[in-house]
Amino acid sequence: MAAVETRECETEGCHSEAKLQCPTCIKLGIQGSYFCSQECFKGSWATHKLLHKKAKEDKTNDEEKNCVEKEVNTDPWPGYRYTGKLRPYYPLTPMRLVPSNIQRPDYADHPLGMSESEQTMKGTSQIKILNAEEIEGMRVVCKLAREVLDIAAMMVKPGVTTEEIDHAVHLACTARNCYPSPLNYYNFPKSCCTSVNEVICHGIPDRRHLQEGDILNIDITVYHNGYHGDLNETFFVGEVDEGAKRLVQTTYECLMQAIDSVKPGIRYRELGNIIQKHAQANGFSVVRSYCGHGIHKLFHTAPNVPHYAKNKAVGVMKPGHVFTIEPMICEGGWQDETWPDGWTAVTRDGKRSAQFEHTLLVTETGCEILTRRLEDNGRAHFLSQM
């Protein structure tokens, strides 16, 4: 603690001379915070730390307000050759805070966003069979994830920014006592992924206004009571062309046909054969770099679920397995590259890509779609826009 001019100790009931000031308060610019000793400082910590939390929240809100008011759009990567017409809208608003009372995954406060529990399981092909309690935990979290996506869906229209959608997603998560799983996952800066047009996946929400004719994928994962629930849908922004409708419709059909095949005894590698057959029959290609995955207490784990044909995925479906299927289907070639942000995956030829995702539980006779929409007989939102 730093030495300062003489003040009175701020610990309740203590009026001793105070010459020490909280170093965090100095850093945050908080006035006061004087204590007579380390003991008094530690004794006041439970209430004193709330000042730090409020100051950080106020700072984040001020930075976000200033960022929006300035409406500055800077190209973060001068000289980078974009594959399509989409551009990032920088600077990004600051990373949002999650209330301390909400349970957090192990990577939430890691400086690199690293999940130690996932790293421990890295490389294993052993697929966890969930027990009844774990299955119920997954049902609950997937229902919450679906609620959050449905809220985001209502915001999709021309003129809205993906940053505004991310803000709504963040608030919807915390209102449900959920941590938004993408936030700080390997330092991802936002609470959901928003992928527009040629973006395949992992798009970072920013202040670009959605435009009439865009297609937008919103990918939601939430963490609740120790479990992750994951799903995504692609939406039409206003009126879209027939090519966009065909792409999105086919992508959804690829997912649902693959889901129809899920049951005990099916090899995970078979899913890619089903998906690619339907995609190619409609003149589209299947992304190979990104796959579905096991999910439960870990965000990403075994099995690995490729969406392309003749893959070498390991494993046979058994009751109690929980995993995602999330095909990414492209108008042109399947090849991808990543923007310099290290996250945004785009088609190499700049043509559009669409995606849909569900989290599934293998049952004794088939599967349960844990992230199924409750309204409209479970149909995806875009179907009401056709």
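Each residue, glycine too, has its Cβ placed from N, Cα and C.
As written in Swiss-Prot, here are the features:
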- Cys9, Cys14, Cys36, Cys40: Zn(2+) 1 binding site (BINDING)
- Cys22, Cys25, His48, His52: Zn(2+) 2 binding site (BINDING)
- His202, His300: protein binding site (BINDING)
- Asp219, Asp230, Glu357: Zn(2+) 3 binding site (BINDING)
- Asp230, His293, Glu326, Glu357: Zn(2+) 4 binding site (BINDING)
- 6-59: zinc finger (ZN_FING)
Residue from His48, His202, His293 whose C-alpha is spatially nearest that of Cys9 (Zn(2+) 1 binding site), among the binding-site residues: His48
Average model confidence [pLDDT] within the zinc finger (6-59): 74
Among Cys9, Cys14, Cys22, Cys40, which are binding-site residues, the residue with the most C-beta atoms within 10 angstroms of its C-beta: Cys22
Spatial separation of Glu357 (Zn(2+) 3 binding site) from His48 (Zn(2+) 2 binding site) - C-alpha basis, Å: 44
Spatial neighbours of Asp230 (Zn(2+) 3 binding site) that are distant in sequence (at least 6 apart) but have CB under 8 A: Cys142, Ala145, Ser181, Asp219, Ile220, Thr221, Ile295, Phe299, Thr324, Glu357, Thr359, Thr371
Rounded Cα separation (Å) that holds between Cys40 (Zn(2+) 1 binding site) and His52 (Zn(2+) 2 binding site): 17
Alpha-carbon spacing, His300 (protein binding site) to Cys25 (Zn(2+) 2 binding site), which is rounded to whole Å: 38
Spatial neighbours of His293 (Zn(2+) 4 binding site) that are distant in sequence (at least 6 apart) but have CB under 8 A: His300, Thr301, Ala302, Pro303, Asn304, Val305, Phe323, Thr324
Three-state secondary structure, His48 (Zn(2+) 2 binding site) (per DSSP): helix
Cβ neighbours of Cys36 (Zn(2+) 1 binding site) where a neighbour is any other Cβ within 10 Å: 19
Mapped DSSP class for His293 (Zn(2+) 4 binding site), helix or strand or coil: strand
Rounded inter-Cα distance in Å - His202 (protein binding site), Glu326 (Zn(2+) 4 binding site): 13
Among Cys22, Cys25, His52, which are recorded as binding-site residues, the nearest neighbour of Cys36 (Zn(2+) 1 binding site) by Cα: Cys22
Chain-internal residues near Glu326 (Zn(2+) 4 binding site), provided their CB is under 8 angstroms and they sit 6+ positions away: Asn232, Leu255, Tyr290, Cys291, Gly292, His307, Gln355, Phe356, Glu357, His358
Listed in sequence order, residues not in Asp230, His293, Glu326, Glu357 with Cβ within 8 Å of the centre of the Zn(2+) 4 site Cβ atoms: Asp219, Leu231, Asn232, Gly292, Ile295, Thr324, Ile325, His358, Thr359
